[in-house]
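Novice: Below are the structure tokens for one structure; questions will follow.
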Amino acid sequence: MGIIDGSLLRRLICLCLWCLLGGGVTVVTAEDEKKVVHKQLNQTPTWAVAAVCTFFIVVSVLLEKLLHKVGKVLWDRHKTALLDALEKIKAELMVLGFISLLLTFGQTYILDICIPSHVARTMLPCPAPNLKKEDDDNGESHRRLLSFEHRFLSGGEASPTKCTKEGYVELISAEALHQLHILIFFLAIFHVLYSFLTMMLGRLKIRGWKHWENETSSHNYEFSTDTSRFRLTHETSFVRAHTSFWTRIPFFFYVGCFFRQFFRSVGRTDYLTLRNGFIAVHLAPGSQFNFQKYIKRSLEDDFKVVVGVSPVLWGSFVLFLLLNIDGFKMMFIGTAIPVIIILAVGTKLQAIMTRMALGITDRHAVVQGMPLVQGNDEYFWFGRPHLILHLMHFALFQNAFQITYFFWIWYSFGSDSCYHPNFKIALVKVAIALGVLCLCSYITLPLYALVTQMGSRMKKSVFDEQTSKALKKWRMAVKKKKGVKATTKRLGGDGSASPTASTVRSTSSVRSLQRYKTTPHSMRYEGLDPETSDLDTDNEALTPPKSPPSFELVVKVEPNKTNTGETSRDTETDSKEFSFVKPAPSNESSQDR
């Protein structure tokens, strides 16, 4: 029916090798098979050995240089999160390399393992073949290009079985080991490609929000969001977009959230309202904060989690191989699981925005200016926003594995194998897997990066890289000097990586963060200018200061009625560390407020 057979793919690969080796490879048929002599390395021309080694060395070095170049570009552009993700990819490739080496050097010992023949006929992925029919077919068929012997990576020659005892067979054959070796190779290639596509689609989606962010600096935006104007809650754009009579009915509530993720996952009103809510809760109202760049940094932090392969995911990979039994329909289950997870996560994220809109209508009948959304971890499953990211991680891994598995079967067994009784259905499953990739990368993952900002905690990516490192270094210096004591006052009380009250000043750039008393679940910061501190720029990188910078830390806390004393300030001009300040009420602190 016009479908390319998997043998054609193998022939194209062999043709490329034939061209590279100068045409020294010939086609072996069943009639000439007995005349073929399998020569060892000491009987192989040195030019052939050198040519093959040169080919693999050049390809390996080029790949290594490519990864090194990508890492250098990310380092120069201060893309720390993406650089960490690249290191994770390298680590996963190294794990796959170790698996390949173990398969190569352990093949001799694995082939010595014998098991009873009746055990070898259990849990087969394909129906057991008719031995008599198989012998007849083998006598009439010709060998494929270069015969099947060309596929042995480490065995060189299909050695006869060593299980001489009657009723015993090999645990796994040399050809099966080689096919498993090819699967590892496919996993490495598709893991890199899949990770690249996931990140690129996510960044492409968030880049589309840039013109909304630029709009917040215009005079039209200031006029449209006039804080002195009163409006009915149900007349605001955000509430009208997410609420109606049907949203009060649970069934229609989730049906509407399900379909909204496909057509208008994030609109202009959603972005501006969530941006306003984030700044009002975590920063000083009216701050010139580049929310779009912050979301992009947050997405890069999430990508570090998504790109890795944890032991749990390796366990799911082994479980799939174990349960892929004839008649169990494991391949259909493996295709359906990622679809269900991604659709459920997308529906949940849309439901969170709708619940925030309903919360506005329940709290207020009239709002002043733009409606203020109040996020909370209780909106998420089990109160854990990070659980959604782990679910997407599992779904993306399973989806990538299904695509890899399809191409591996196509290459190793062809399009008419027992794995794919109907090749058209297999193509439909691959199309669904690609659709899940686009849906998760372009819609769900950016939506997650946006909605999770409405949680109870602020992510550390709100700080640029330089400020975050400086605050961490200051914190470690304080712990080293004073030790860990119950009465020690630390920046960020819970020991998190993002301090909650600080003022960082430098000779090269001045960045001040002042703490104000707000609602029990929120912190507000003032004076954080990401346009000057954000390192995530598209076309320029920061240059280090010519002279060693000096930092000055001032912590200002609103005075209690019982506090007395004077404010002291310690400055160290010859050190990059920060000095801890013990605040006390004074006239100066009153004026700062």
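Any Cβ shown, glycine's included, is placed from N, Cα and C.
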Novice: Tell me if Asp76 and Asp416 end up on the same side of the membrane in Swiss-Prot.
Specialist: no
Novice: I'm validating the feature mapping. Which of 93-113, 240-260 is tagged transmembrane segment in Swiss-Prot?
Specialist: 93-113
Novice: By DSSP, what is the split of the topological domain 'Cytoplasmic' (203-304) into helix, strand and coil residues?
Specialist: 72 helix, 3 strand, 27 coil
Novice: Using DSSP, how many residues of the topological domain 'Extracellular' (415-430) fall into helix, strand and coil, respectively?
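Specialist: Per DSSP, the residues of the topological domain 'Extracellular' (415-430) fall into 8 helix, 0 strand, 8 coil.
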Novice: Within the topological domain 'Cytoplasmic' (348-393), count helix residues (DSSP H, G, I), strand residues (E, B) and coil residues, in that order.
Specialist: 31 helix, 3 strand, 12 coil
